[in-house]
Structure formats: C-alpha cells, structure tokens
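The next block holds one structure in the form of structure tokens; read it before the comments.
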C-alpha cells in the first residue's frame with residue numbers, strides 16, 4: 001500500500017512553483033507519479049523580489065503576497081490533478097515549502113520566513129496541507145537548511161560507496177553520504193541565483209542564460225573571482241546555510257565598482273564562482289566521494305556542468321537521473337517525503353547537517369475541512 005502526497009517547491013530563483021505527485025510506501029520509499037510546474041506571473045515575481053530585497057516590510061504587502069502565492073500554489077495543484085485525473089480525496093496531504101522571503105539563521109534571534117497561506121491552500125484544494133518545515137529546526141538550534149539531505153540519505157545511499165548529492169538550485173548545497181552511513185550537508189554558495197539575476201539585469205526579456213550562451217561569450221576574470229571568493233560565507237565551517245540575503249545583485253555590483261568588466265565576462269566569472277566554491281566545499285568532507293550526483297536547474301547549464309566535471313576530476317560526475325530520479329524534481333519530491341515524515345511522526349532534519357541539538361519532526365498541519 002502507498003499514500004499519495006503532493007510536494008510543492010519554489011526556490012530562491014523565484015521563477016516557478018513545482019508540484020510533484022509522489023507515491024510513498026510504508027517504508028518511506030517515494031516514486032514520482034506525475035509533475036507540473038507553473039511560472040510566476042511577472043507582477044508577482046517582481047513584488048516578491050522587491051520584498052526579499054528590502055528591510056522595510058509593509059504589512060499589507062506581505063499579507064497580500066502571502067495570499068497571492070497560496071493562490072498560485074492552489075492553481076498548480078489543480079492543474080496537476082487534472083492532468084492525471086486523480087481526485088483531491090485521494091491525496092493524503094500537500095507538503096508546501098512556501099516561498100522564502102527571508103532566511104537569517106545566524107541573526108539574534110535566528111529566524112526564517114516562508115509565505116503561502118496554508119489555510120487558503122487547504123480550503124482552495126480540498127486537501128490537508130503540511131507546511132512550515134524550517135522553523136522547528138531553527139528553534140532547536142539549527143540552520144533550518146538544507147533540509148533535503150535526509151531525503152537524499154533515504155533515497156540515494158549506496159552500500160560501500162561514498163557519494164555526494166549536489167543540488168544546483170538558486171543556492172547550491174551538498175549532501176555527503178559516507179560508505180558507512182555517515183552524513184554531512186551544507187550550502188556551498190550561489191548557483192543559479194546570481195547567474196539569473198545578472199542575466200535579468202542586463203536583459204529584462206530573459207530570465208536565465210539559455211545554454212550558457214551569455215557566459216560563453218565572456219572570459220574568466222581572475223581578479224574578480226578572487227574578490228567574490230573573499231565573501232566570508234565561503235570560509236565559514238559547516239553547518240551553514242545562505243540565501244539572497246547574502247548573495248544578491250547589490251553585493252555583486254559592489255564587487256564591480258571601479259572595475260571596467262564586460263557583462264559577459266561577469267557572467268563567465270559567476271559560473272566559475274559556483275564551480276570553484278563547490279570544488280572547495282568537497283575538499284572539506286571527511287572522505288572524497290567516488291561520484292558526485294547533481295540535481296536542480298543548474299544541471300541544464302552546460303558550461304557549469306563542464307567546469308564541475310573538469311574541476312572535480314577524478315570524482316565521477318553524473319546527475320540523479322542515473323539513480324532513477326529526475327534531477328529537476330528532486331526537491332519537490334523531497335518535500336512530499338518530508339510531508340510523509342510529518343504524518344508518520346518521523347524526524348525530517350539531520351542534526352549533523354543543520355546543527356540542530358536533536359532530531360525533530362518538521363512542519364505543522366492545516367486540515368481542509
């Protein structure tokens with residue numbers, strides 16, 4: 001027997017809401033049944049980006065975006081269920097990550113904020129909603145991120161193999177799975193977030209660097225790369241997590257002030273920043289992995305994947321597709337699985353990863369009735 005969950009994920013790139021319909025058996029083994037994605041309406045994306053970049057939040061704007069994002073989430077769920085002709089009553093729960101608008105695990109007090117009103121989502125879809133996955137880990141002294149390593153361990157662990165699972169989302173994170181069952185994980189720095197922001201800054205008609213054409217037109221600027229790598233996050237020991245609060249267009253433009261560097265050269269150098277920071281992160285692991293498996297939107301960036309393959313050698317590089325999981329849907333599946341963990345009262349965090357004092361069951365629940 002299995003239960004069906006819908007995992008909803010929207011990352012720091014703020015480009016789309018991904019919905020994964022996942023069958024999960026009694027042992028917690030997931031199987032992707034179907035998926036659907038909805039792009040953010042341009043106005044919603046603009047408002048969310050503005051909110052994430054200001055310290056002066058307006059209550060009405062925050063509340064309005066909370067509702068608007070939940071409505072978009074309900075729409076993607078409805079479209080997904082229509083696609084597969086499955087009724088809402090056949091879904092155990094929606095596991096909604098929400099949209100992160102602030103993540104400050106190192107502030108005093110530490111906090112994180114995800115929007116997407118779960119009550120409206122539950123009533124709008126007729127399905128119970130599990131949400132608020134990050135705050136309990138932070139309350140237990142952790143970073144609240146990354147949360148997917150527990151899922152990676154469940155799905156990707158291989159006996160007598162040391163592997164790394166590297167998510168190339170807005171922010172990159174690595175999960176190390178040792179051959180003896182050990183696990184570590186942490187954010188390594190920016191992946192798509194700076195690359196996408198720089199493309200959009202230079203050409204508002206584009207949302208990302210398709211086929212890395214922009215980056216390939218540029219040349220690596222070693223001095224700029226050196227300045228970028230001086231960001232204090234890279235020198236921090238794990239556990240650690242980051243986000244747009246630290247790696248954003250304002251920070252990048254400060255590094256460019258007084259330097260005449262072409263936009264394409266900047267894009268090429270940002271690509272190298274992602275690849276180098278991942279390479280450096282892997283050198284801190286207790287044991288070098290035999291294979292690095294990549295997932296997330298960054299796997300579609302051919303230049304980034306080329307540089308990672310070159311820099312990580314002799315580590316073998318592949319995507320999670322070779323492990324049976326579509327690299328574009330790993331995170332949405334992971335949150336469906338975290339919803340299953342909540343329903344079955346199983347801890348969803350990994351204290352070795354987040355730095356929490358102990359394992360905790362992640363999330364809270366809103367009933368649809």
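Along the chain as shown, the residues are counted starting at 1.
Each Cβ is built from the backbone N, Cα and C atoms, and glycine gets one as well.
Not measured: the values here are computed from a predicted model.
Annotated in Swiss-Prot:
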- 11, 12, 13, 14, 15, 16, 17, 18: ATP binding site (BINDING)
### Query
Which number gives the other C-beta atoms within 10 angstroms of the C-beta of residue 15 (ATP binding site), all protein chains shown included?
18
### Task
Pick out which of the binding-site residues 14, 16, 17 has the most other Cβ atoms within 10 Å of its own Cβ.
17
### Those residues of the chain, 6+ apart, with a Cβ under 8 Å from that of residue 13 (ATP binding site)
169, 170, 192, 193, 196, 297
### Query
What same-chain residues, at least 6 away in sequence, bring their CB to under 8 Å of the CB of residue 11 (ATP binding site)?
100, 169, 170, 171, 331
### Extra residues within 8 Å (Cβ to Cβ centroid of 11, 12, 13, 14, 15, 16, 17, 18), ATP
9, 10, 40, 170
